[in-house]
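Student: Sharing the record's features from TrEMBL:
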{"type": "ACT_SITE", "residues": "E71", "note": "active site, proton acceptor"}
{"type": "BINDING", "residues": "Y18, E30, E78, K96, D97", "note": "ATP binding site"}
{"type": "BINDING", "residues": "E30, E78", "note": "divalent metal cation binding site"}
{"type": "BINDING", "residues": "E71", "note": "substrate binding site"}
{"type": "TRANSMEM", "residues": "33-50", "note": "transmembrane segment"}
{"type": "TRANSMEM", "residues": "57-77", "note": "transmembrane segment"}
{"type": "TRANSMEM", "residues": "97-122", "note": "transmembrane segment"}
Amino acid sequence: MGSGDNFAKNTLLKSFFYAFSGIYKTVLTERNFRIHMLAAIFVTFLGFYFQIKRIEWIILVISIALVMAMEMMNTAIESIVDLVSPNYHPLAKVAKDVAAGCVLVTAIASVIVGVLLFYPYFSILLK
């Protein structure tokens, strides 16, 4: 194992550290992210309760990941905009609004996925 291998390993570990640090900061500072986390935990419990199929798990996990990732991207965009444009600017507003809209689109899509996925299970349960 050469010294280049250690450099690559250290760089990879640092990358993971920075990524987890970003997730941690998002959890601490973003209320909407925490709300999405609670929703993710709730639908995960539903998945276990109803013993959903593997393909349904795949769809559910992708939906959850997309919403969480989009919320984090929104946070990153808002932070950058605040840094470069501390005063009000119409383009800064557009950037922030579009980023928030991205979160909304993925959240709505995830709700639709959840309804389509869990409706058959609830309809059987309620019979």
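Cβ atoms here come from the backbone N, Cα and C positions, even for glycine.
Situate these features within the shown structure.
Tutor: Counting Cβ atoms from all protein chains shown, E71 (active site, proton acceptor) has 24 others lying within 10 Å of its own Cβ. Look at E71 (active site, proton acceptor): DSSP puts it in a helix.
Sequence-distant neighbours of E30 (ATP binding site) (same chain, six or more apart, CB under 8 Å from its CB) are E71, T75, listed in sequence order.
Around the Cβ of E78 (ATP binding site), the number of neighbouring Cβ atoms within 10 Å comes to 16.
Tertiary neighbourhood of the transmembrane segment (57-77): same-chain residues 22-23, 26, 29-30, 32-33, 36-37, 40, 43-44, 47, 95-96, 99-100, 102-103, 106-107, 109-110, 113-114, 117, selected by CB-CB distance under 8 Å and a gap of 6+ residues from either end.
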Student: Return one of helix, strand or coil for E30 (ATP binding site), based on DSSP.
Tutor: coil
Student: Over the residue list Y18, E30, E78, K96, D97, recorded for ATP, what is the maximum interresidue Cα distance in Å?
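Tutor: Between the outermost Cα atoms of Y18, E30, E78, K96, D97, the distance is 27 Å.
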Student: Does anything in the same chain, at least 6 positions from K96 (ATP binding site), have a Cβ under 8 Å from its Cβ, and if so what?
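Tutor: Residues satisfying the criterion: I77, E78, V81.
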